[in-house]
Amino acid sequence: MTNFYKVFLAVFILVCCNISQAAVSFIGSTENDVGPSLGSYSRTHAMDNLPFVYDTRNKIGYQNANVWHISKGFCVGLDGKVDLPVVGSLDGQSIYGLTEEVGLLIWMGDTKYSRGTAMSGNSWENVFSGWCVGANTASTQGLSVRVTPVILKRNSSARYSVQKTSIGSIRMRPYNGSSAGSVQTTVNFSLNPFTLNDTVTSCRLLTPSAVNVSLAAISAGQLPSSGDEVVAGTTSLKLQCDAGVTVWATLTDATTPSNRSDILTLTGASTATGVGLRIYKNTDSTPLKFGPDSPVKGNENQWQLSTGTETSPSVRLYVKYVNTGEGINPGTVNGISTFTFSYQ
């Protein structure tokens, strides 16, 4: 009986010691630089086309296929996190702030740039779902970070300089029973300094900057009911534009800048009551609404004046009297509207 137990114990120890354990080791660097040092990039775009995604024509990024060595069935995925402040979004992807004028779009993921995940927010997120190496094989797990600058705001020098800046981190995520133990799991990234040389295109106004439209004299009987309209005057605006510029415009009520309706406020010099002014463009049947005095892309009540294929765009404007429904008292009618062009 004693000999039987000795044989059994010896076999058990032999089987135990041949069990394989999934393995991982860190072979990369904990601190990594993204992009070439002192990179310089040049682009041309319409002045107010902001935020402008600055295609640098080549990748600003970091790739390394050999960050962790894995073997014996080890399963690994990747998580990524950006530490820069979120200052906006573009098509659902966060724009991260570098300076007041320059931001970044960031992708993190596996070794191939094409598989990178568009980053949003400042929390850890899955950027590579993962895989498991074969039980009897060995391989490596890599990673990549890619960025694209975004111009957020114009400056007078048309030159934007960015200093070396910490971006965030990627960490290895073991799963399916795999464990990293004491192995380094997190690597950090910093963006190398770079310069953007920005050339902007725009338009020149050919029409005088101050246009006076003489309004025709009418009788109250021509506006019998609330909402009735009569053409009061007309004018045109003409511009000369660089190629590729799409012109947008915003009308602002100079007397009441907060006005967002389609009826222009009469100035204090007006003596008529119960009548307002509407402005139409070209052959439109809907009057233009008033918005803030701003060239910002997407400004409230901004409307398109031309396409990027027109280098000599123009617009015909019609001013119409409108019965506001408050009872018309004859008198003088004066209104002031400003135009703000946005070159996109």
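Cβ atoms are placed via backbone N, Cα and C, with glycine included.
Annotated features in Swiss-Prot:
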type: BINDING; residues: ALA65, ASN66, ASP110, THR111, SER139, THR140, GLN141, GLY142; note: carbohydrate binding site
type: COMPBIAS; residues: 299-308; note: compositional bias 'Polar residues'
type: DISULFID; residues: CYS75-CYS132; note: disulfide bond
type: REGION; residues: 23-199; note: region 'Receptor-binding lectin domain'
type: REGION; residues: 200-344; note: region 'Fimbrillin-binding domain'
type: REGION; residues: 288-308; note: region 'Disordered'
type: SIGNAL; residues: 1-22; note: signal peptide
For GLY142 (carbohydrate binding site), list the number of other Cβ atoms lying within 10 Å of its Cβ atom.
18
What is the maximum Cα to Cα distance, in Å and rounded to a whole number, among the residues ALA65, ASN66, ASP110, THR111, SER139, THR140, GLN141, GLY142 annotated as binding carbohydrate?
14
Cβ neighbours within 10 Å, counted over all protein chains: which one of the binding-site residues THR111, GLN141 has the most?
GLN141
For the region 'Fimbrillin-binding domain' (200-344), the number of residues DSSP places in helix, strand and coil
3 helix, 57 strand, 85 coil
Roughly how many Å lie between the Cα atoms of GLN141 (carbohydrate binding site) and CYS75 (disulfide bond), rounded to a whole value?
10
Just jot down the residues in the same chain as THR140 (carbohydrate binding site), at least 6 apart in sequence, with C-beta under 8 A of its C-beta; none if empty.
ILE27, ALA65, ASN66, VAL67, TRP68, HIS69, ILE70
Mean pLDDT for the region 'Receptor-binding lectin domain' (23-199), rounded to an integer?
96
Going by C-alpha distance, which of the binding-site residues ASP110, THR111, SER139, GLY142 is nearest to CYS75 (disulfide bond)?
SER139
Calculate the distance in Å between the alpha carbons (Cα) of ASP110 (carbohydrate binding site) and CYS132 (disulfide bond), and round it to a whole number.
14
Suppose the carbohydrate site is ALA65, ASN66, ASP110, THR111, SER139, THR140, GLN141, GLY142. Which further residues of the same chain have a Cβ inside 8 angstroms of that site's Cβ centroid?
ASN64, VAL67, TRP68, LEU143
Please work out which residue of ASN66, SER139 has the most C-beta neighbours within 10 angstroms of its C-beta, and give that one of the binding-site residues.
SER139
Cα separation, CYS132 (disulfide bond) to SER139 (carbohydrate binding site) (Å, whole number):
10
DSSP three-state assignment (helix, strand or coil) for ASP110 (carbohydrate binding site):
coil
Around ALA65 (carbohydrate binding site), how many other CB atoms lie within 10 A of its CB?
14
Rounded Cα-Cα span from CYS132 (disulfide bond) to THR111 (carbohydrate binding site), Å
16
